[in-house]
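Inspection log for the structure reproduced underneath, given as structure tokens.
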């Protein structure tokens, strides 16, 4: 007598399980709904608060936030030379880091994907990933020691009559390049590994030299992966402020100015914080035309 209610109670569950089994898209949608909603609340909600706060003002006497709509903060960003220089310098640093990462990553990826023996390639990929397992601050402080006065950089360059760059803009570019280099190597490595060998052989059979083969065959096929890697290196460099704070000396980038304005002028800090968002959105739209987003 007791088995009938149990069977009746289990039947809706079984029907639901059967429905989910027959409809994998519905099952996937139910699994992703909660985390996607949570992500939307945290990410999109914080962006909304950022943009709204950027249109507020600050009382010059009490430093209290005045929740009155105004575009004065953006007007100051566009008309004040200091802010314009900080924005241009930040974009320039992000572009320089991206370019250096691409120049360094390509030969490294070419070796790991095409020259190294197949049995060694997984080990080389692990070696490339290893720096990502270390603490961000540990790596930055290591560069602070390397670039310090009488540090490792000065010691290595002293026989050549040179000295290290010390702390400043150059040091920030070097440290950021080291931090984000793996994000450029891995997409290029994947693209080169998937490059058909018969294309290279056909180019050689047709009499093309190595340079022509690189320009006409390799580069067009790898360029979307370079652009995909640049999405990481550019965005991470543009939004970074800890590295600049530690090894940048007196260099001021967007992140540092935002950090210094949070307590004194929160709306201005929010307005400055919207600049990297807008720049990165424009950059992503530009990279989309190259097919880079499909390589991510």
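Here the Cβ of each residue, glycine as well, is placed from N, Cα and C on the backbone.
Range 266-286 is the one annotated as transmembrane segment, of 245-265, 266-286 (source: TrEMBL). Taking TrEMBL as the reference, the stretch among 60-85, 86-111 described by the feature transmembrane segment is residues 86-111.
Within the listed segments 166-186, 187-207, TrEMBL records transmembrane segment for the stretch 166-186. Touching of the transmembrane segment (217-238) and the transmembrane segment (86-111) is concluded from the presence of at least three CB pairs under 8 A, sequence neighbours closer than 6 excluded. Taking every listed stretch (86-111, 123-146, 266-286) in turn, the largest tally of C-beta pairs under 8 A with the transmembrane segment (166-186) is reached by 86-111.
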